[in-house]
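Feature annotations, reproduced from Swiss-Prot:
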- 33, 36, 39, 43, 73, 76, 79, 83, 117, 120, 123, 127, 156, 159, 162, 166, 196, 199, 202, 206, 244, 247, 250, 254, 276, 279, 282, 286, 313, 316, 319, 323: [4Fe-4S] cluster binding site (BINDING)
- 24-53: domain '4Fe-4S ferredoxin-type 1' (DOMAIN)
- 64-93: domain '4Fe-4S ferredoxin-type 2' (DOMAIN)
- 108-137: domain '4Fe-4S ferredoxin-type 3' (DOMAIN)
- 147-176: domain '4Fe-4S ferredoxin-type 4' (DOMAIN)
- 187-216: domain '4Fe-4S ferredoxin-type 5' (DOMAIN)
- 235-264: domain '4Fe-4S ferredoxin-type 6' (DOMAIN)
- 267-296: domain '4Fe-4S ferredoxin-type 7' (DOMAIN)
- 304-333: domain '4Fe-4S ferredoxin-type 8' (DOMAIN)
């Protein structure tokens, strides 16, 4: 029997068997692993053991999320085929089974329709994995805003009202610590013309008519169709598909419906609120930020200890594995296959993930 060797690295490990006909390598990447335990559920020889996920997620201990017994593992590749986050991969003679038509593959995907995208950056702000970057290039400011602003310092009494009301934070006051020889708390006023949008708010609020604003091209002063404002704004939304967990936060929040997400499973997450002890392990481990402690509107309102937004859940099961009181159940009703299993043994193995 050919010996299987396990090499451990800082962010994972590789188990490999080097035979005369073929070389098999099973690689695990800790950075991509979310601790869902799907690999352990599907393993036909029970070679995979999950770590203390709740404690790991909450930062109580530092340990691997899983381990594989190299002497038990048969390098069949079921775990790699079922892993929805590509944390496991089996290579046969250097080729990944994810690229091999003979092996099943779970599908998850995300698409950005750049022609719809308005480059608002909201998707980037909400992504729990930091997998989205909006590359936005603005035209030179002078193409949008042209004008002049003048402050008559003989009329100005340095009251600061203009600075308080300026929506662009373009007016700066120079403050002074009052002394008997120099008692004025404000000694000067300046306009940052790189920030000023010539909206005339300062002119309107000045009680001494000390400010004059001349606007040649000012979007804030009149209604301009959105397309006009965007004429000179270019860019694109970039998704790091290795980091993306297809939670759907981006599509959920997108005001332009420019993002489409395909999740690996359909079903629902069921929480036994009576069993839940509100430890927070599920919240800490969830790669999708789909769980939260609800906040009551007032002291009298009763709320569940924990709630889930089903729209943001990928049904990976990491929360269920981390829960110390077994208060969470994953009910999967459908697997989104890119390639369905053909062999009977593989079909039966994938059935373990259902229900």
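The backbone N, Cα and C atoms fix where each Cβ goes, glycine too.
Sequence features annotated in Swiss-Prot and their locations in the structure.
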{"residue": "33", "record": "[4Fe-4S] cluster binding site", "Cβ neighbours (10 Å)": "21"}
{"residue": "73", "record": "[4Fe-4S] cluster binding site", "Cβ neighbours (10 Å)": "20"}
{"residue": "117", "record": "[4Fe-4S] cluster binding site", "Cβ neighbours (10 Å)": "19"}
{"residue": "156", "record": "[4Fe-4S] cluster binding site", "Cβ neighbours (10 Å)": "17"}
{"residue": "196", "record": "[4Fe-4S] cluster binding site", "Cβ neighbours (10 Å)": "20"}
{"residue": "244", "record": "[4Fe-4S] cluster binding site", "Cβ neighbours (10 Å)": "19"}
{"residue": "276", "record": "[4Fe-4S] cluster binding site", "Cβ neighbours (10 Å)": "16"}
{"residue": "313", "record": "[4Fe-4S] cluster binding site", "Cβ neighbours (10 Å)": "22"}
In DSSP terms, the domain '4Fe-4S ferredoxin-type 5' (187-216) comprises 5 helix, 11 strand, 14 coil
What stretch of 64-93, 108-137, 147-176, 304-333 shows the most Cβ pairs under 8 Å to the domain '4Fe-4S ferredoxin-type 7' (267-296)? 304-333
For the domain '4Fe-4S ferredoxin-type 6' (235-264) and the domain '4Fe-4S ferredoxin-type 8' (304-333), check the count of CB pairs under 8 Å (sequence separation 6 or more) and say whether it reaches 3 or more. yes
For the domain '4Fe-4S ferredoxin-type 1' (24-53), give the DSSP counts of helix residues, strand residues and coil residues. 6 helix, 9 strand, 15 coil
Near the domain '4Fe-4S ferredoxin-type 8' (304-333), which residues from the same chain, at least 6 beyond its ends, have a CB less than 8 A from one of its CBs? 34-38, 41, 50, 53-54, 57, 84-85, 108, 245-249, 252, 263-273, 275-279, 281-294, 353-355
Beyond the flanks of the domain '4Fe-4S ferredoxin-type 1' (24-53) by 6 or more, those residues with Cβ under 8 Å of it: 11-17, 61, 63-69, 72-80, 82-92, 242, 245, 281, 285, 287, 316-318, 320-322, 345, 349-350, 352-353
Other parts of the chain folded back onto the domain '4Fe-4S ferredoxin-type 3' (108-137), taken as Cβ under 8 Å at six or more residues beyond its ends: 84, 226, 230, 233-241, 243-247, 249-264, 287-289, 314, 336
Give the residue counts of the domain '4Fe-4S ferredoxin-type 2' (64-93) per reduced DSSP state, in the order helix, strand, coil. 5 helix, 8 strand, 17 coil
Mean pLDDT, the domain '4Fe-4S ferredoxin-type 1' (24-53)? 97
